[in-house]
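K.L.:
A single structure is presented below for examination.
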Amino acid sequence: MSRDLPNVIILIGPTASGKTELAIEIAEYFKTHIHNIDSRQIYKSMDIGTAKPSKNQQKKIKHFLIDIEEPIHPINVKQFQGIAQKSIKSEIKQNNLPFLVGGSGLYMNSITKGFFVPDVPPQNDLRKQLEELGQKKCWDLLKNCDPLSTKKINFADHIRTIRALEVFYVTGKPLSTLKVQRAPDWRILELGLDRDNLKERILQRTKNMFSAGIIEETNYLISKYGFDLPILETIGYREAKDVLKNHSTIDKAIELTTTKTIQYAKRQKTWFRNKNNPLWLDNKNLLKDAIIKIESFLS
């Protein structure tokens, strides 16, 4: 690939692997900004449950693509793709080094690999009908019309199941038949972050979330946007809702959130290895290894 193309650095890794802290150190060293590639941190007022970079961290290093929309207005992959590519191109025009950080593989690859994403807006009436059917029935429907998608979507992932059905019913085409468009003209270095003690890190982060106030944050979101806000069905918020409804205890919520997050992290790592194949960083000295790899790439 031509060295005349704009350079773009990417840091990917599963949830709770420490991407935020490492990314800030890397951004400080290379005097650049961070483009946040996360499917939930794009929403305002969802700070604790998404482990969003703190206000102090955001003051230290400028973050793009955080708090860009209210949770009541979902941003699909197609919309995020356009917003993110515009932001990155703006950085390139200013001769800055775009630095993309995140754990949402689909969102990341839609930006860097040029995935075609159908521009299908939310179909509220259809969604209500599908939600009334329940996840098992929706899963069976998806298996009939788009069996390949059921191999990529977790059985318990209600949001992605409904989205796949939504795309099929609106376009008549399975979501799994999406094709890759021409990728952006960027020279990309992908770095991967993983941890040997990831399960312990996930447990600790989950405990921190509940002690920091995810239940109160969930209650605030419910009071502002309603109990049926779709994003509150995602990991952490769903369990906090159950506590608020007296259907669960905090200890059980922590246990279930931890289990679901570990399962999610496993799927993330599988995605990264199959779809991205990054240069994995040495856990013994992450920052030093990242700097060496980036400087070698840029030289």
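Cβ coordinates are placed from backbone N, Cα and C, and glycine is handled just like the others.
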K.L.:
Any idea which of 38-41, 246-249, 266-269, 274-277 is down as region 'Interaction with substrate tRNA' in Swiss-Prot?
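P.N.:
That would be 38-41, the stretch labelled region 'Interaction with substrate tRNA' in Swiss-Prot.
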K.L.:
Are there residues of the same chain, six or more positions away from Ser104 (site 'Interaction with substrate tRNA'), whose CB falls under 8 angstroms from its CB, and which are they?
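P.N.:
Listed in sequence order, they are Ile37, Asp38, Ser39.
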K.L.:
Looking only at residues six or more beyond either end of the region 'Interaction with substrate tRNA' (38-41), which have a C-beta under 8 A from one in the stretch?
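P.N.:
The answer is 49-50, 52-53, 65-67, 80, 102-104, 106-107, 231, 234.
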K.L.:
Where DSSP helix means H, G or I and strand means E or B, what are the helix, strand and coil counts for the region 'Interaction with substrate tRNA' (38-41)?
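P.N.:
Across the region 'Interaction with substrate tRNA' (38-41), DSSP assigns the residues as follows: 0 helix, 0 strand, 4 coil.
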K.L.:
Summarise the model confidence on the region 'Interaction with substrate tRNA' (38-41) as a single mean pLDDT, whole number.
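P.N.:
Average per-residue pLDDT within the region 'Interaction with substrate tRNA' (38-41): 94.
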